[in-house]
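Worksheet: the structure to be examined is printed underneath.
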Amino acid sequence: GKTCEISVCIILHTLLTKLLSGSSFLLYWFNSVSLPINLILDLSSGGAAQAWTYNYSTIPSRRWPEARQWCLQHFTDMVPIRNKEESDFINDLLPFNTRYYWIGIVKKDGEWIWQDTSEKVPKEAQNWAPEEPDNIADQNCVEIYIKREKDTAKWNNESCRKKKGTVCYATSCRQDSCSANADCVETIGNYTCQCHPGFLGSRCEEEQGSYYCFNPYGSNRFNSSCRFHCELGFQLVGVPQLLCQASGHWNHPVPLCQGMCSPVFFPVTGNVTCVDPLEPFSFGSRCNFTCQEGYYPTRDNTFTCLASGQQAPWKQQNLKAPPNAFMQCQDPRGVYSYGSICSVLCEEGFDLIGTNMTKCSSEGNWSHALPVCQAKRCPTVNSFSHGSLVCSDPHGEFSFGSRCTSTCEEGFLLNGTADTQCTSLGTWSTDIPRCNAKRCPALSTPSNGSLVCSDPHGEFSFGSQCKSTCEEGFLLNGTADTECTSLGMWSADIPGCLAKRCSTLSSPSHGSLVCSDPHGEFSFGSRCTSTCEEGFLLNGTADTECTSLGMWSTDTPRCLVFAYSSKRCPTLSSFSHGSLVCSDPHEEFSFGFLCTSTCEEGIVLKGIADTECTSLGMWNRRAAIGIYSLLLAQPCPLLAKAPQNGRMNCSHPYSSFSFGSHCDFECDEGFWLRGTQTMTCNNSGHWSQDLPTCQREAVQCESIRALSLSLSMNCSHPLGNFSFGSQCLFTCEEGFYLNGTNVLLCSSTGFWSTSLESQGITKIRIHHLGTMHVCTNFQRNPSDGC
């Protein structure tokens, strides 16, 4: 909105004292709307004072480019803090804002610069907070901490896209306030043009004319003549040619160049307002007519004094800021009018192509076409080996805002960051990654072999192919070829190299075989040496080797007896209850004669069974001599006495109660024998039956009964039911015949006289209750075999 014109001036007594003493002082105004702060600061001990006004805005918060555009549009620029004292001054005057304030310092080409002058900020002028700037990517703008509890008045680098408060400054001096021949000096609320030597006027402009002289006798001497003429838009006032007279004076005063149009008179029912940059109604003057209420202009209401001295209607040519740019115009005589100067500033990330300034001429034309803001280009990114790149380009290929994503082919891994962005500095936020082939585990050369690999993408990486071979004498155990797959795994395991095997060797008869096997028993490289026992001679080559063909270099030799010894061993003969088995490789009972003794069943040999005749004519086991007749029968448990109320009679063919011993048992009168009457000692050292007992009562047999209705049983029991002497008679009804014996007798041993199974009777079941006989009806089926 519009700012008020009413201000309150506050002059501090202490600062006024400094002013009177020649020291620098501060003077500031507070505007009732946007609180601008006017500051007059003596920049040097002998120079003129310059004045400007601070202005801040917190509503709305703005991004850094928007904040600067706001400053350029309404004031001069963002505040470029030049020293720590200025930081402290602003911190004292501005109110606290939770988002803090932007200032006019940015990072460009890796350096921090003042935006208004593009000069580098020296180290001594920097006022960073601790550990700042932290150089995080895309944090290229600077904020100031106003009234912060920690690090107050210090600087911090931030992303230019964040929204914060704005601090601007405004000066009275503008670019077109004075000509190039003057210095614009700030005064309180205004300015004045301080002309350079040789220039005059309110703006210190150059004279709008020129002259040419002819000097026959020297410069500015007698008879010198000078002709004057004026620039476009100005007319000569005076004599155009002057002559130097003999008196040493020019014959006429020096003429003037004035840009003049005819005066503009006030209309009866209106008003006129003129702006005269040079002189009233002169070249560049512009007059604007307004009518009273109820009247309207009959023609264009604005006129301009042209270079021809004629008045022409003013034609306004509006300007529009180019895309991605901010535009600020200074209009000393009206919006987009003669003398208006417009400056263009590109947004962050865009470069200005063309002239950044254009001026409205007296003809109503702009001096230059508006520039173009072109997005900064990042270096061209090419698709990389074994990968692809997909980019989005909002402002042109590989330009500010472009985003690219990298992916790799199958079997390759991304080495780096997949996503990168073209920043406002024209550099990529991250380096373009590479696609490295997936690596498989490193392979080792097989023992006794070699490994040859081809590695198109690096050692033991995706696509690597390896082939294994074995040395001479070794065979490949596994697959020779393997390849590193896209999963980072080998298609097959590395094989082994196994030594070729030769046939198994045996020690020669009457000899021994000693081998060394560096690669496994009886394999390539194995060396074997044969030796013969005493009395034998080697027939063949002692040493042989397993060759690379899997064959022995020589056959295994034999051991032959080289002389028959005249010495004979003592004759051996078979012994009682035993036998002697001998082998006779050369001659009976001579060297090498081997005999083995064995006993009959039930007889134990005491001594060593085998003996051999040595070359000295002696048996190699002396302990065996003379012991062949010393035999022991296998003993059984001793039967100390006969059963009580009974008698025992034993015979012992070898020794007492040993193999072959036989014992018979009888009971006294009135007692009966319970068990087997005879016991024999077998070859395992056990009795054939348990020891019987003599019992006083009659021997009991198992109780029996008839289970079939067609069978009848009639028994007699002289000594008790189903006891020794009991007799049972079996008969069948008419039409049936008896399948089995018809009489059963209980014997003294407690068993029935006839074994039903031995009679072939299969249909009799014997239970603990007794025996069952079955009668079969032969009329039904005589062929049943009953």
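Residue numbers in this text run from 1 along the chain shown.
Including glycine, each Cβ sits where the backbone N, Cα and C put it.
Annotation comment: TrEMBL describes 49-169 as domain 'C-type lectin'.
Feature annotation from TrEMBL assigns domain 'EGF-like' to 169-205.
Under the heading disulfide bond, TrEMBL lists Cys195-Cys204 (among others). Under DSSP, Cys195 (disulfide bond) is assigned to a strand (E or B) in the three-state scheme.
The feature domain 'Sushi' is assigned by TrEMBL to 202-259 (among others).
Among the features that TrEMBL reports, disulfide bond is placed at Cys230-Cys257 (among others).
As annotated by TrEMBL, domain 'Sushi' applies to 327-375 (among others).
Following the DSSP three-state reduction, the secondary structure of Cys373 (disulfide bond) is strand. Residues or ranges marked as disulfide bond in TrEMBL: Cys346-Cys373 (among others).
The annotation domain 'Sushi' is assigned in TrEMBL to 376-437 (among others).
What TrEMBL records for Cys408-Cys435 (among others) is disulfide bond. Cys435 (disulfide bond) carries a strand DSSP state (E or B). Within 10 Å of the C-beta atom of Cys435 (disulfide bond) sit 20 other C-beta atoms, taking all shown protein chains into account.
Annotation source TrEMBL lists domain 'Sushi' at 438-499 (among others).
Among the features that TrEMBL reports, disulfide bond is placed at Cys470-Cys497 (among others). Other Cβ atoms within 10 Å of the Cβ of Cys470 (disulfide bond), summed over all protein chains shown, number 21.
Sequence annotations record features per position, and here TrEMBL assigns domain 'Sushi' to 500-561 (among others).
According to its DSSP assignment, Cys532 (disulfide bond) is in a strand. Just so you know, the Cβ of Cys532 (disulfide bond) picks up 21 other Cβ atoms within 10 Å once every protein chain is counted. According to TrEMBL, the disulfide bond annotation covers Cys532-Cys559 (among others).
As annotated by TrEMBL, domain 'Sushi' applies to 634-696 (among others).
Residues or ranges marked as disulfide bond in TrEMBL: Cys667-Cys694 (among others). Within 10 Å of the C-beta of Cys667 (disulfide bond) there are 22 other C-beta atoms, taking all protein chains into account.
What TrEMBL lists as domain 'Sushi' is 699-761 (among others). Per-residue pLDDT, averaged across the domain 'Sushi' (699-761), gives 78.
Highest Cβ contact count with the domain 'Sushi' (376-437) among the listed stretches 49-169, 202-259, 500-561, 634-696 falls to 49-169 (criterion: pairs under 8 Å). Note on the domain 'Sushi' (634-696): DSSP counts are 0 helix, 25 strand, 38 coil.
Within 10 Å of the C-beta atom of Cys257 (disulfide bond) sit 19 other C-beta atoms, taking all shown protein chains into account. For the disulfide-bonded residues given as Cys230, Cys346, the lowest number of other CB atoms within 10 Å of the residue's CB is seen at Cys230. When the alpha carbons of Cys559 (disulfide bond) and Cys667 (disulfide bond) are compared, the span between them is 72 angstrom.
For Cys408 (disulfide bond) paired with Cys373 (disulfide bond), the C-alpha to C-alpha distance reads 36 Å. In terms of DSSP helix, strand and coil, the domain 'Sushi' (699-761) has 0 helix, 21 strand, 42 coil.
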